Amino acid sequence: MRAAGWVRAVHGQWRQIANIGLLVVGFGLGQGAIFIVQTVLVAAGEYELLAAFGTHYSFAILGIVLVDAGASTTLARAVARLPSGREARGEVWRTFCETSAIRITVALIVGAAAALYVWRFSTDEFSRWYVALALPGLLLWAVNGVGLLDGLRLSGISGITGSVAYLVTAAGLALAAHKSAAAAGAILGGAFSIGYLVTLIAQWTTLARKGWYPRFHRVTRAGLTRALTDGCALSFQILPGQVNMRVQLVLSTVYLGAETTALFVYAKQIVTASTQIVGFVLRVEFPSLVEKLSAAGKQSLGNMLGAQRMALYCAATFAVGVTVVAGIAAQVPDFGLHRAAIVIAGFAPTIFTMSLLLMMMQALAATGAYGLAAGALAIGSVAGMLVSYMLVSMLGVYAFVAGEVVLNLVGLYVGYRYLRR
């Protein structure tokens, strides 16, 4: 019995490692492809296209987050708690139908708001074509199967299939170079929708091979209410940081111009990539974090950092590494990415502060303080946006570095006060 338990534990650990590996590979394939194309376009001086793409794609991804409405978490939980046997799946499919009804409603609202803005208040041809052709992708995502895959312990497959949407967008960005604003917007908007269509096909093909064929169930008022409530609660934990980034993009576009905005988007891509890898490590450390914080009784900052030591080391390594590499590149004026390297070096320290905030939020989640985590992020985001706005005229793009640091430190302080109670 003991040997069988050990074998199961080892098998589960290797499955977890495999899932993390596939998540990293999917991340590298998808966002790595976009980053490579952006690098080529920065070197070529395609700042107008990069600024337009960065702003519109960022808001499109925000739409994807809103449309998901926390269903990836709620569906994963429903599947993970499912008793063995196909007859027990009916309740999961009912939950899927209820969450999908909410997601479709959110997609229609977001789509209507975006369409109203570009057709009533904007004369930009890029915006009009991008929104028109990207909206189908937003609607399609309302029936995604990410939560089902995660619940079946296939999160790695979810990551690989999700990379397809980024790969198609990267191809679209390459094709959009040297095109008119209208043509570039149409290419990139169409690529967005095609990418998510292919991703959905891959997800549902995988689910079908596992015996999970879609089944439709009549929704209930109680189920819809629960799906809406859970979606709002989970989305509120994600939105503050998402909104902060979009506000910074708008401020950069208005006050700093297309070239600086393109460099800002490029630098943030590197920061985000680094912190996402730290996030993968945090997911691995989460079970042991729960155990250590539960056993410790009174929580402390030392317990929190000690239980997430690997993530802390990764964050420090990435921050120092990016700073050194960007600093060296910035010393070579003839280097094509000289200006980008200067901006990247300025943003590199935020890799460490942002990772510390992620660690604190995970510690709060481990203690069940979901509401406090969302509140800390909201307070920090408001403070960060105010700092960015007040300093953008004085510091330029580096006002956003100050805003990020303030956001992270405020969130850390709120979490620290809670842990000390």
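Here the Cβ of each residue, glycine as well, is placed from N, Cα and C on the backbone.
Straight from TrEMBL, the features:
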{"type": "TRANSMEM", "residues": "20-45", "note": "transmembrane segment"}
{"type": "TRANSMEM", "residues": "57-80", "note": "transmembrane segment"}
{"type": "TRANSMEM", "residues": "101-122", "note": "transmembrane segment"}
{"type": "TRANSMEM", "residues": "128-149", "note": "transmembrane segment"}
{"type": "TRANSMEM", "residues": "156-177", "note": "transmembrane segment"}
{"type": "TRANSMEM", "residues": "183-208", "note": "transmembrane segment"}
{"type": "TRANSMEM", "residues": "310-330", "note": "transmembrane segment"}
{"type": "TRANSMEM", "residues": "336-358", "note": "transmembrane segment"}
{"type": "TRANSMEM", "residues": "370-391", "note": "transmembrane segment"}
{"type": "TRANSMEM", "residues": "397-416", "note": "transmembrane segment"}
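Long-range Cβ contacts of the transmembrane segment (156-177) within its own chain (Cβ-Cβ under 8 Å, at least 6 residues beyond either end) map to 18-27, 29-31, 33-34, 36-38, 40-41, 44, 46, 49, 53, 57, 137, 146, 149-150, 183-184, 187-188, 190-192, 194-196, 198-199, 202-203, 206.
Counting residues 6+ beyond its ends, the transmembrane segment (183-208) has Cβ neighbours under 8 Å at 49, 52-53, 56-57, 60, 64, 125-137, 140-141, 143-146, 148-149, 152, 154, 157-158, 161-162, 164-169, 171-173, 175-176, 214 in the same chain. Taking every recorded stretch in 20-45, 57-80, 128-149, 336-358, 397-416 and counting its Cβ pairs under 8 Å to the transmembrane segment (370-391), the highest total belongs to 397-416. Of the recorded ranges 20-45, 57-80, 128-149, 397-416, the transmembrane segment (336-358) has the largest number of C-beta contacts under 8 angstroms with 397-416.
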